[in-house]
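Listed features, source Swiss-Prot:
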SIGNAL    1-17  signal peptide
DOMAIN    31-515  domain 'Sema'
CARBOHYD  53  N-linked glycosylation site
DISULFID  104-115  disulfide bond
CARBOHYD  126  N-linked glycosylation site
DISULFID  133-142  disulfide bond
DISULFID  270-382  disulfide bond
DISULFID  294-342  disulfide bond
DISULFID  518-536  disulfide bond
DOMAIN    579-668  domain 'Ig-like C2-type'
CARBOHYD  593  N-linked glycosylation site
DISULFID  652-717  disulfide bond
REGION    725-860  region 'Disordered'
COMPBIAS  748-764  compositional bias 'Polar residues'
COMPBIAS  782-818  compositional bias 'Polar residues'
COMPBIAS  838-860  compositional bias 'Basic and acidic residues'
């Protein structure tokens with residue numbers, strides 16, 4: 001019977017999301033989003049903040065045998081422990097010489113940004129040494145790092161006795177993008193070879209052979225390239241056929257594109273190329289290049305192109321001759337910003353290099369496929385016994401060399417697998433910068449998990465899941481993590497499958513994070529299954545790391561479908577089909593005609609929120625219809641102008657991938673506004689202090705109250721202040737001893753401000769009132785009494801004398817005693833509100849003239 005319950009739940013899970021018609025499935029949204037502080041607090045991030053006098057931590061070399069990560073930066077080389085980068089940190093200072101810095105400054109370069117030694121080459125030379133090169137303040141320099149044979153040797157030092165010119169190995173300009181690869185003692189590098197940055201070339205240096213490079217100052221070969229990666233890919237089982245593949249972007253060739261445009265390329269050359277005999281001497285004779293295309297097909301054949309290559313990652317396969325190539329692209333436009341990731345197969349790349357060459361008859365002609373005779377052996381073919389039987393490129397016929405020099409480009413572009421990108425991002429704040437991929441073995445197959453770095457210092461963890469075929473992939477964003485304290489572009493990434501760690505570099509420093517955080521997905525089987533993370537599975541008690549070799553039948557994982565109903569047995573044997581037995585009910589109160597916000601936010605950002613209302617004495621659950629009065633936000637449900645019909649139990653569901661999970665059960669009770677008004681009026685007329693519960697009532701509902709009996713907030717506050725300030729013993733108002741009429745103690749703004757001063761200041765600044773009670777007190781409307789003098793109009797307050805001041809003080813001290821004898825006349829009602837408004841306006845400097853006229857005279 002369990003399977004019948006499962007089918008029933010599955011049908012309910014499919015039917016309910018259909019009723020959430022206004023919403024659509026959240027695509028390209030990370031399921032979890034972790035901030036920098038959350039990563040640190042959960043011990044999922046280790047950071048090295050770098051040195052104050054160093055930056056540019058973007059040259060990585062993974063040394064798995066010694067368990068170290070080598071990082072080249074400005075004037076320094078670092079060695080980090082792969083387990084924890086903050087443990088056993090080693091560093092070597094390698095600054096540029098003062099004379100080179102001075103020359104760099106005199107050449108017009110920025111002393112702080114350019115005239116340092118930025119390490120740009122870190123390549124393993126042998127078992128004990130690392131070949132290292134830096135910009136050297138626009139004077140490239142190279143040397144060796146001694147590491148020792150084993151990690152226990154604990155050796156990390158720079159060979160101070162060996163330095164050589166780094167021209168053709170390291171760029172002059174630290175901002176210039178370059179790549180290098182060291183194979184069999186020979187260094188292959190793509191870089192610029194002059195101070196001005198105009199001579200771009202692909203070099204092969206070191207070793208026993210003569211240095212070799214691409215044709216110089218020929219835009220058909222290279223046109224201001226920026227190199228992003230160099231890799232060795234075998235062509236056959238014969239090592240003589242091995243080829244070097246380069247990934248770069250350059251300006252479009254003349255006639256290739258209207259206007260100035262950036263073209264992404266893949267280039268190839270033979271590892272055993274020795275140059276030509278009479279032509280192309282010490283130049284590559286097997287160099288070919290082709291365009292890499294990454295675009296989204298559009299209507300009427302108009303595609304959206306991502307032109308600028310940013311990074312490349314080769315995912316090795318069982319057959320080393322056919323790795324899968326992942327490439328990161330961005331748009332060239334400043335108006336439309338987007339990023340994409342495309343996959344390429346070596347079969348498609350080889351097919352393009354075996355296709356037609358690009359050709360044009362003159363500068364005024366279009367590029368067309370070459371239709372003439374192609375010489376033998378085909379240009380681009382490596383000299384070996386497998387293809388052609390030539391022992392060296394120096395033995396190639398002259399027509400082959402001439403054709404290769406005039407036709408370095410292929411006509412057809414390399415199309416991505418599936419004809420479109422596997423990941424696309426547009427209309428977002430960030431762009432992709434770096435990429436590494438890990439192939440993970442899961443319960444239902446292998447999956448490639450991508451870790452994508454952005455220019456805001458965040459990392460996206462994305463898995464592609466095949467739907468009908470491997471060419472139709474579903475993109476699932478598992479996590480988005482902030483790995484640097486400030487937004488900064490991620491410029492380097494390395495992945496260690498042995499340590500299960502990811503290492504990231506930027507201008508701010510180095511960060512390290514694990515590849516998986518299974519515990520953050522939740523504490524339930526359904527949450528772990530819905531995550532669809534190939535690294536994680538439910539082991540019966542928690543979401544933990546999945547190991548394919550573990551012989552545990554309780555492991556539950558479903559990456560392809562993400563269906564908890566088929567994996568989590570507790571959902572089948574639970575009598576509570578809706579799952580609300582485990583959800584705690586919360587009671588909240590609202591006032592009629594006010595607003596109420598019911599908070600409910602799912603842990604997963606991919607989940608959709610679905611609300612139901614169960615009214616009192618009604619077992620049915622009614623769907624919440626979103627309208628002008630009800631608004632659904634990412635954090636909950638906002639109800640404007642509560643009514644009695646809103647009372648009841650609100651049920652909040654999370655709908656994700658066809659599965660419905662209850663989140664909250666909120667019991668809302670709506671209080672009639674008339675009832676609240678009666679309570680407030682009763683509290684206002686009661687002479688005793690209100691009960692504590694009445695104060696809580698007032699404080700809970702004050703922000704939402706819209707009672708008709710209270711004309712303004714000022715009147716409301718006046719009532720509350722009077723009730724709070726009323727002393728325990730009732731005092732009688734002041735009485736004029738001569739007339740027996742009670743005089744209200746009305747303070748002017750000036751006396752109110754004086755009451756805030758210390759007693760001495762209050763005595764000095766007190767208004768001067770005559771001691772004789774029969775003296776006439778001028779009303780406020782008469783203003784200041786003035787007398788005429790020969791010198792002009794003089795205010796009477798300037799004619800007051802010192803004895804008058806003393807008498808006024810004595811009169812003020814005597815008034816409280818006199819006031820006790822008079823009758824008590826309590827004052828309540830609107831006059832207090834009017835005075836409070838006038839007091840506030842006078843404090844803000846308004847109606848100053850009225851204030852001067854209404855102030856009583858200080859002396860007579």
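Numbering starts at 1 and runs along the chain as displayed.
Glycine is no exception: its Cβ is also placed from the backbone N, Cα and C atoms.
Positions of Swiss-Prot features highlighted on the structure.
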| residue | record | contacts (Cβ under 8 Å, 6+ apart) |
| --- | --- | --- |
| 53 | N-linked glycosylation site | 74, 75 |
| 115 | disulfide bond | 96, 100, 101, 104, 105, 109, 137, 138 |
| 126 | N-linked glycosylation site | none |
| 142 | disulfide bond | 121, 131, 132, 133, 134, 163, 164, 165, 166, 169, 170 |
| 270 | disulfide bond | 241, 242, 243, 244, 286, 382, 383, 393 |
| 518 | disulfide bond | 528, 533, 535, 536, 542, 543, 544, 545 |
| 652 | disulfide bond | 598, 600, 609, 610, 611, 636, 637, 662, 663, 664, 665, 666 |
Secondary structure of residue 652 (disulfide bond) (DSSP, helix/strand/coil): strand
Protein Cβ atoms within 10 Å of residue 536 (disulfide bond), excluding its own: 25
Secondary structure tally of the domain 'Ig-like C2-type' (579-668) (DSSP, helix then strand then coil): 6 helix, 46 strand, 38 coil
Mean of the pLDDT scores, which run from 0 to 100, over the domain 'Ig-like C2-type' (579-668): 88
Inter-residue C-alpha distance, residue 593 (N-linked glycosylation site) and residue 342 (disulfide bond) (nearest angstrom): 55
